[in-house]
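What follows is a single structure, written as structure tokens, with notes after it.
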């Protein structure tokens, strides 16, 4: 481990640079006129997807309509929507306001279609009528009764094109990936549920029951992601296993998805071999692929070693599939085996089980070499170090342990996860480990220091899939929240940004020194505030007050500051006011703000309430100028006020500041209490109205009408 850490710089952070998220959960889809964007419904919003990249470029939130369509004329930014109230509404996308309502149907509207000239709309509904609308007048031209609605979808995996004039089928096309003998059995899973025409590209976009969008090869919804791997010699693709028998291969440059069929049950495990050109998937056992053999572990408590023939890479027909036979079979554990790993030199096999143990086996004959005991709950993942004779295990007890392969002792234990640790991998050439948990968090650990360097929060549910690419600069994660995230190592980028920021601060410090020397106090004050250094701002204010007309110059300079800069100066003044050496400057700033800012403006300052509460204990109560009582300072801040009294040449001015601060506090608290009373009154009135509505009898309205007559 020492050798690895000395030659490799440790990582400090990862950042998400690509997301493959669900953007379509059923319903209609629509392609815009130029064929560049797809509009898809996803829960309570509509996503706008860029066809070229597959990215969601915009989401329209809080759309609760079950049918939406955009005006075909791009110059008119209008959205047509229909809900269960049988009304078609026209929305202006610029103002987000409803500009018209089309009412003629007696049942929910199921389809909308526009004429080529974009002046006529045809709507069809469950009331078995079609209404023709004049979009210029927003009135119906006529109603066409159709009496019945027929949907021809037998078999449902076939797409048919019909001639409207002769009502004859002119073209039909079935799903290419289904064998002839299995189409009838699998039609329910892959049946087409929606299609739309893209005239500008002469294409038809179809959607199947699994929310996969054909023609553009998009996967609208992935379901629960159970495993994920980088694929290809240059890691240009990723293969994803979801809670379905199908596998999805995504091209990272375009997010295009290819769906692979063949399994009959949910795929649980993936592994890549032969330099990323091939991968294996298993529905029940967990696989670990090598160049010439594969090791599988299963829920039947056994591990098997299978030999891979050299002819496996040759292209063969589906009927010429290789039938593999296990060379060795061993009962390895007393409970389900969750993970299996093969050492880098292909001589050792490690397994992790629900029986709380991990075991080390000889790859040649599957002989047991040792047992790793120490976890309090089942083990989810085992992983060999790429450089050291070390095994990493992650468990449901929330810990990660590193084990010595020589004496099977525990070297280190990493504690920090609040839930089960599902996956662990080595990064930084074995100098660090990256773990994922059932709480959706990823943690980066440095082995030498035994500390968590960074916690990454990107998922909302269990992170089952975790894999790093060959260059060790990218990580892909898959979670039960249906999202696949690609993370990039930003350690070097952040280091360069930090160095650039330090150089910039040095230049600003020099510039600030020059501005003070040239007595350009306004620019110096603004620059010191931008550096977020209270002590530097204090030095600038002290330099201003040393001038002949210091207080006047200070008032002029503060008056020219922006609101955010004044908020920063007020926050700094609260800190200065707690120190008797800086109270004079703090009181001068506060006096300037209270004199020149209206109370309404001060109320808009961020943190004004806390600032006032912090200032009052350090402000004494001064008597009225006409009072005969001698001045007696408060216990808190007496040294502040005594020093202020010695420095101030005008006693009336000194007396005026605490009075002004006290008056502002009184006004501030009064306004706050007023708004609290209003809030309580509003809550009481809403509760009373709710009780009144629920206490009314169902026929109360009818009785009221009878009494009135």
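Glycine too: its Cβ is placed from the backbone N, Cα and C atoms.
Annotated features, as they stand in TrEMBL:
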type   : residues : note
DOMAIN : 509-621  : domain 'U3 small nucleolar RNA-associated protein 13 C-terminal'
REPEAT : 68-101   : repeat 'WD'
REPEAT : 102-143  : repeat 'WD'
REPEAT : 330-362  : repeat 'WD'
REPEAT : 372-413  : repeat 'WD'
REPEAT : 414-455  : repeat 'WD'
REPEAT : 456-488  : repeat 'WD'
Checklist line | Average model confidence [pLDDT] within the domain 'U3 small nucleolar RNA-associated protein 13 C-terminal' (509-621) | finding: 81
Checklist line | Chain residues in Cβ proximity to the repeat 'WD' (68-101) (below 8 Å; excluding those fewer than six residues from its ends, i.e. six or more beyond) | finding: 28, 30, 32-33, 39, 41, 46, 107-109, 112, 114, 118, 121, 123, 125, 133, 138
Check: Hey, which bits of the same chain come close to the repeat 'WD' (414-455), Cβ under 8 Å, at least six residues off its ends?
Finding: 1-2, 4-5, 7-14, 377, 380-381, 383, 385-388, 390, 392-402, 461-468, 472, 475, 477, 479, 481, 487
Next item on the list: State the non-local partners of the repeat 'WD' (372-413) in its own chain: residues 6+ outside its ends, Cβ under 8 Å from one of its Cβ atoms.
Entry: 1, 3-4, 335, 338-344, 348, 350-360, 419-426, 429-430, 433, 435, 437, 445, 447, 450
Check: Which sequence positions outside the repeat 'WD' (102-143), separated from its termini by at least 6 residues, show Cβ-Cβ distances below 8 Å to it?
Finding: 66-67, 69, 71-73, 76, 80, 82-84, 86-90, 149
